[in-house]
């Protein structure tokens with residue numbers, strides 16, 4: 001299903017940072033001293049200090065909430081990526097990763113994975129810079145900060161901000177589907193909150209201002225950001241939020257949700273010969289990689305579940321709509337939300353029967369209505385595959401982002417929307433992939449391949465970096481265009497192999513044309529989420 005696959009992956013990129021022959025940078029955090037590296041980009045004169053693989057949590061006890069890391073007495077070597085958390089990538093995911101030539105985590109994977117990376121401009125003095133904290137996507141099943149696409153060097157160098165990227169547990173290690181007390185079940189979200197607490201305690205000594213933190217994430221990372229907004233820590237450890245192709249307030253529950261996660265937990269226990277009445281303790285002792293391989297081969301699913309509002313609101317959209325300046329259960333922070341123009345392209349490659357595919361989504365009468373309002377032959381829908389891509393983008397990403405922004409604006413929360421609509425020959429997943437899911441990440445981080453990059457490609461990346469950074473530096477002024485209904489469009493619809501002459505890197509447009517079909521889906525969203533069933 002599109003929804004299941006949409007929370008997924010990062011495109012391959014090229015690392016551009018080069019080491020600098022300078023004394024290694026050191027810093028003091030509450031756990032002790034750390035030493036990093038100094039790098040620069042050929043395209044920038046700015047120096048960036050990197051601190052990689054810094055522990056923010058102790059080695060976690062399996063299926064238990066994270067604990068702060070203990071102090072160390074010697075200088076901690078923060079010059080290499082830390083291990084990723086254990087990944088769960090099923091067969092379809094492996095095929096997709098292979099098709100897109102996606103690399104594995106740079107320094108392996110394991111359960112001792114609660115580490116983060118800090119990228120600080122060389123000019124930063126203590127507590128001086130705005131901070132952006134990144135949470136990766138991956139369907140809540142996989143993800144790692146050590147893949148090149150999330151390297152924060154370019155972002156920090158070009159925009160004079162501090163970038164922090166955070167590892168958190170996923171799959172059954174991060175979101176176990178049973179036995180764990182409900183309030184402690186969303187361990188991956190608890191990891192993220194511990195990391196934000198670490199940022200509040202330590203970022204000033206690394207050049208960041210703890211009062212100027214913006215959280216941002218893509219896909220499941222965007223869902224994580226929304227979870228932090230709608231079930232926020234107290235006090236709220238951020239002042240603005242950016243959601244890229246993902247949120248959790250208006251999500252189509254096509255994966256079976258909590259019930260499917262419980263069934264997956266039972267299957268995992270059965271595989272390990274663990275009795276259900278003692279599955280938790282039994283699974284804690286089972287070999288981690290054996291559990292991982294079984295979960296992958298059996299296509300088990302795990303994800304966030306209701307936990308009494310500790311990390312996950314069961315009525316996030318209602319909570320947002322009912323929020324006011326004087327009475328709010330959510331974090332009333334300015335938001336920037338958006339999506340890409342061709343979100344599902346990698347997942348529907350070769351699919352040319354729109355009707356049959358829609359029937360697999362269980363949309364009932366909506367399937368026929370959808371077909372009627374997406375006729376073949378309109379601009380952008382020359383083939384059945386184009387048609388299905390547009391439907392998937394609207395239904396699962398674009399229109400939910402529109403409704404999300406409108407709900408926020410109704411509650412008096414500053415809200416901004418964007419659309420990424422560009423593809424280039426050196427950044428395509430495959431010919432014709434367009435602005436597919438996750439394609440924008442490399443432009444935000446500035447990690448797209450430099451080889452054969454066009455001038456316009458550089459301009460699009462610079463425009464996205466500047467918009468994100470401007471929003472983080474002063475959320476009250478926005479990312480560079482007005483609040484809704486205007487939408488900031490990046491890339492102007494440029495296609496790989498087509499001339500970009502006359503194209504603009506950023507244009508603020510009235511979204512009436514791009515939003516015209518969203519009214520079709522609004523009753524569906526209302527039925528699903530205003531009742532609290534999401």
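The backbone N, Cα and C atoms fix where each Cβ goes, and this holds for glycine too.
The signal peptide annotation in TrEMBL covers 1-17. TrEMBL lists 29-474 with the feature domain 'Carboxylesterase type B'. For 219, the entry in TrEMBL reads active site, acyl-ester intermediate. Feature annotation from TrEMBL assigns active site, charge relay system to 343, 437.
As a whole-number mean, the pLDDT of the domain 'Carboxylesterase type B' (29-474) in this prediction is 94. The active-site residues in question are 343, 437, and the one with the fewest Cβ neighbours inside 10 Å is 343.
A separation of roughly 8 Å, to the nearest angstrom, links the Cα atoms of the residue listed as 'active site, acyl-ester intermediate' and residue 437 (active site, charge relay system). A distance of 4 Å separates the Cα atom of residue 437 (active site, charge relay system) from that of residue 343 (active site, charge relay system). Within 10 Å of the C-beta of the residue listed as 'active site, acyl-ester intermediate' we count 29 further C-beta atoms, all protein chains included.
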